[in-house]
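TrEMBL lists Asp38 with the feature active site. The active site, proton acceptor feature in TrEMBL is assigned to Asn86. Residues or ranges marked as Mg(2+) binding site by TrEMBL: Asp38, Glu225. According to TrEMBL, the substrate binding site annotation covers 39-43, Arg51, His55, 83-85, Trp87, Arg89, Arg206, 212-214.
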Amino acid sequence: MRRDEEKLREYYAEAPEGVSLLDLDLERVPRHVSIIMDGNGRWATARGLDRSQGHVAGVDALREAVTTSVRLGVDVFSVYAFSTENWRRPQREVDLLMHLFATTLVNELPLFHQENVRLRFLGDLEALPERTRLVFQRGLDETADHTGMVFALAVNYGSRAEIARAARLLAREVAAGELDPGDIDESALSERLYTAGLPDPDLLIRTSGELRLSNYLLWQLAYTEFYVTDTLWPDFDRWEYLRAVIAYQGRSRRFGGVVRS
Ligand code: FPP
């Protein structure tokens, strides 16, 4: 991915103690970074605020994370915004999140244009409120020609449902005589996932200290490096992001073999 190193240095000019851009190896920036954004509710509760205000603060953190991804030269940046299980939250919170997704997307379109970011969605969008769906479609249409970073938002996403759907698609093709069962291999299945065409994540970050995958990208994370921080999502900033990437660069990725990548 192209990267403007001058902009990157400017972006990271005022370093807090303990983290420095100098520790970053620009040759080994992960191609695909994915984040499970967690802790909005706790962030708000700790401040005596309503959970909804935690989500609003989470939008600011997400905007910064998108910009950071672009500055670092990441090719694909994906985030888990709403799971198939999140419908179980109080209706008021679900409504607020759907509203936030739609308004955020409209508000951030100028940023996506300015940074040449192409949008993509992971998940079953059919079940979303009509306004949210229409806005998502507008986002897809307006950024379709962008050639920079892909920003993938997982909304109404569940990994098991995604894999079951891929199996269903394959079965239909076999039944229609379009596919030989012997041709069903890993790439045939990958091509029928919501992430078709995207590289698997190199780095998965989870905020708020939880050590769970929560039904996120189970297939795609097979060889991904995990980084968990206690920082709650609204407090996750460019420096936390940099710490995660530097930690990733310190790992030895062997993909099951013995050779250091
Ligand atoms: C987790 O906090 C976060 C979410 C449910 C995802 C929603 C993310 C945002 C609103 C950030 C902006 C995203 C977009 C796409 C505009 P939590 O409620 O699970 O926190 P808790 O575990 O502390 O309760």
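Including glycine, each Cβ sits where the backbone N, Cα and C put it.
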Across the binding-site residues (Trp43, Trp87), the Cβ with the fewest other Cβ atoms inside 10 Å is that of Trp87
Within 10 Å of the Cβ of Asn86 (active site, proton acceptor), how many other Cβ atoms can be counted across all chains shown? 17
Students should find that the Cβ of Thr84 (substrate binding site) has, within 10 Å, a number of other Cβ atoms equal to 18
Students should find that the Cα atoms of Asp38 (active site) and Thr84 (substrate binding site) sit apart, in Å rounded to an integer, by 15
I'd like to know which of the binding-site residues Gly39, His55, Arg206, Glu225 sit within 10 A of Asn86 (active site, proton acceptor) at the Cα level. none
Work out the three-state DSSP category of Glu225 (Mg(2+) binding site). strand
Near ligand 1, which of the recorded positions show up if the criterion is a Cβ under 6 Å from one of its atoms? Options: Asp38, His55, Thr84, Trp87, Arg206, Glu225. Asp38, His55
Cα-Cα distance linking Glu225 (Mg(2+) binding site) and Gly39 (substrate binding site), given in Å to the nearest integer: 21
Taking Asp38, Glu225 as the recorded positions to compare, which has the smallest set of other Cβ atoms within 10 Å? Glu225
Position of peak Cβ density within 10 Å, selected from the binding-site residues Gly39, Gly41: Gly39
What is the Cβ neighbour count of His55 (substrate binding site) at a 10 Å cut-off, with all protein chains included? 23
Are there residues of the same chain, six or more positions away from Leu213 (substrate binding site), whose CB falls under 8 angstroms from its CB, and which are they? Ile36, Ser159, Leu221
The number of other Cβ atoms within 10 Å of the Cβ of Arg206 (substrate binding site), counted over all protein chains shown, is 23
